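Have a look at the structure below, then the notes.
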Amino acid sequence: MTFFKKPKKLKQEAAPVHIEEKGVNTENKTEEKTTIDDVLSQVKKPFGSTDDLVTQIIELPGDESKLAFLYIESIIDKQLVQSQIINPVFEISHENVQESFDQMMNLALKKQTDFTKAQSLLLQSNTLVFTEDTSCFYSLATPVKTERDITEPDNETIIRGAHDGFIESLSINLALIRKRLKTPKLTIKYLRVGNETHTTIALLYVDNIANMDYVKEVERRIRSIEADAVYTPGNIEESIEDKPFSFFPQILSTERPDRVAANLMEGRIALVYDTSPTAHVMPVNFFTFYQSVDDYNKRWIIGSFFRSIRLFSFFIAMGLPAVYIAIVSFHFEVIPFGLILLIKSSLEDIPYPPLFEALLMELTIELIREASIRLPTRIGSTIAIVGGLVIGDAVVKAGLVSNLMIIVVAITAIAAYIVPSNEMSAAVRILRFPFMIAAATMGFLGIIFGIMILLFHLCRLYTFGAPYFAPLAPFKWKDFKDAIIRVPFWMMNRRPQDLQTQQESLDNQTRKWDKS
Amino acid sequence: MSSQSITHRQLFFLIFQTQIGVGVLSLPYSLFVKAKTDGWISLMLAGIFIQFSLLAIWKLCNRFPKSTIFDILPKIMGKPLGFVFNFIYTLHFAFISILILALYNQVVGKWILFDTPHWVIIFIMAFTGVYFITSTPREMARFFTIVTPLLLILLGLILYAYTDLHLLYIFPVGSVGVSNIIRSSSDAMVSLLGFDVALVFLAYTSGASNKKLKVLSFASLSVTLIYLFIVVTTYMYFNPLEIVIVPEPVLYMLKAFSFTVIERTDLIFLSIWIISVATSFISYLYVASKGLQTLFKLKKHESAAPFIALFCFLIAIIPNEKLEILTWNKYISMTSLLFSGIAPIFLLLIAVIRKKQEKGTASS
């Protein structure tokens, strides 16, 4: 936490200090000579009394001149400083000291003349070297390696395909994408947000594919963010999405570099963050959330089947409890004769209305889910057994909830988790509550009006200017290829139209051998 | 191209979905009252007549591109008279919305929700309408497009009737005489209403003008054919003596079908039918709100939306008996015939005689 607090002082004090510093610099050429200690104290001043800011002063072997190393201990690699800076200094031959010293400094280090940058360089894991020449200083990036290994993201596992995922380091995340898209057209723009946190965001797009209007729009929105602290990608997402009051996620969050790379090639824009394994993809449409990398590694018929199952699950997860409530409380006559006795016998002894039953069970499932997220996996499975099996069984035996309701709720819960995107799954789970209430008050009529409002909401939703419900609304038959089904690779010869890419056609002639 | 403009295809679905509406359920019955089993001929006549109305509407809008009927009226009649006619047209469109609400309420109250207070049923439709019309024609057209495939389910359900048809029921053809058939076609016109929203939506359509006419007449033709299919099917399904006692023949027909997974297909039909009704209602409400916008010189039609919906809601809850609704139906049908079917032809004549047209359009 202290790390976050510290820069605050920097902001308050930095400005006057720099002005002074410049004054000192210009003065020293004309009047008396500033010493290395003056410079050091000026640079160190904004940091106050933090203990991890270390100054190391050594005297050069030949003459009397001094060298000062300045770094923040906690974020630099000491061994690197030793081997890259301190050791070479001592290896300088004793003959022409000054010359070889200058040579060494210029080769290994970066010469900086702008003293205003000194603090931010320090905060970015640089080691600063000050010499007797107070008009300039040298810097070298010596970041400490604190990254974890590249692992497969737990929340987006797939069966077949690459098993690497983003981690908490921007440079490695970018490397993972660059590794997949070895094209000079891949453009990366660094943007800084947060006056105090200086969070770095990388904006990625493929130059000759992505629509520049969307790129500009994304950049404009990010640049307009004015905040002291931006901690998580969620902050950014909330700041730049179109309709913050909508239930639906309007930016795709993923931890998979292959997913980001594929979306970039489709003409979308990605945001990759430092200190977070989450990357954002935009502009996306509703169906992007239902695509999984797995689809493309399966045979296409099977991939299409699972894709459509997933889309179907949207309706089940959202509507099944509502339809059940509507049928048992309003439209008993819809149930075929054979089933009616079964349902009647199951419902007869339940003391309260179906809506209450459904709400009770849906909330229980949400409770179990929320509880098992935070628990270690070993306890988590216990919770699942206690929550799922014991409560489910006991609640029926106690006569609180009907058998059928348990079945409905269970199917709904499973359907909600089929969505490959966690955000979309959450949206669907929330949406079923209004539907259940609508069904309990108006039966089918309520559901129909709910569906109409929902569909229209999707129709009028735009993300960064691109229609959200494409290719259904606006209806683009040709874009169904990768939305509702997944056609074979060799048939995907166009990029989605709603992205208005610079190159709509894709060169995808992978089965040329078959033609001859 | 402004963000409000719509394509030809979107225009098609706007008109198509507006035309298909409340009428589906009762059309076979209302045609049968006057024309007996020749009702389908009346329907075809009405379909042909509508093509002429559409031609007039298209011609009229063609003289004033990018203008809605509410902009056109003051231009061809002068400001004061134009204002009066704008008022009349706004009221006319509002009353069609009200009629749709009342008929929808009647069917829903009779078939789905027996005990729910009528005002609730009307309220939910009216205020869903507000949400829809605070958007642009383009977004509405997108919605109308994606709900259109649902009609296939409706037609599929009706197709099931072909397992039990009696072809002889529609014979003899032409038994009631030409005059009855023609008189009955005015009833058919009412069910086919919806083409008149083109008076407003044509202004938003971009693209070739000739193609617009094709789209309009094709939309109307499709609706006429679908209605013809429904009417002929019900006439062949029910004995002529039966139809007289079933005011919603389509529903009674579907009620008889039951499948192993679903018992009452009519409820499924009705649920989808409500979407069709909603699309008609939304179109008319949008057009009426546009009228209100012109009358009060509002910047956006969005600000007029809640008021027009409230107005429709308050009027639509007044009639509470079946006979009252029938009387309303009769009068509003007559005015609709006048303002939607015949008036465009006269308006076009006035425009031609007074040589009014927007500069830059080719005179024809």
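Residue positions begin at 1 at the first shown residue.
Glycine is no exception: its Cβ is also placed from the backbone N, Cα and C atoms.
In TrEMBL this protein carries:
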TRANSMEM  B:12-33  transmembrane segment
TRANSMEM  B:39-60  transmembrane segment
TRANSMEM  B:81-104  transmembrane segment
TRANSMEM  B:116-134  transmembrane segment
TRANSMEM  B:141-162  transmembrane segment
TRANSMEM  B:182-204  transmembrane segment
TRANSMEM  B:216-238  transmembrane segment
TRANSMEM  B:267-289  transmembrane segment
TRANSMEM  B:301-319  transmembrane segment
TRANSMEM  B:331-353  transmembrane segment
Inset, instruction - Report, as numbers and ranges, which residues of the same chain sit near the transmembrane segment (B:39-60): CB under 8 Å and 6 or more residues beyond its ends. - result: 27-28, 31-32, 72, 170, 173-174, 181-182, 184-189, 192, 195-196, 198-199, 202, 212-213, 216-217, 220-221, 224, 227-228, 231-232, 235, 340-342, 344-345, 347-348, 351, 364
Inset, instruction - Look at every Cβ pair spanning the transmembrane segment (B:216-238) and the transmembrane segment (B:116-134), keep those 6 or more apart in sequence, and say whether at least 3 of them are under 8 Å. - result: no
Inset, instruction - Give the one range among B:81-104, B:116-134, B:182-204, B:301-319, B:331-353 whose Cβ atoms make the most pairs under 8 Å with those of the transmembrane segment (B:267-289). - result: B:81-104
Inset, instruction - With a Cβ cut-off under 8 Å, give me the same-chain residues at least six positions beyond the ends of the transmembrane segment (B:331-353) that come close to it. - result: 49-50, 52-53, 56-57, 59-60, 63, 72-73, 76-77, 88-89, 92, 95-96, 98-99, 186-187, 189-190, 193, 195-196, 199
Legend entry - Distant-in-sequence neighbours of the transmembrane segment (B:81-104), which means Cβ under 8 A and at least six residues beyond its ends: 21-22, 26, 69-70, 73-75, 121-122, 125-126, 129, 193, 274, 277, 280-281, 284-285, 287-288, 291-292, 294-295, 308, 311-313, 315-316, 319, 325, 328-329, 332-333, 335-336, 339-340
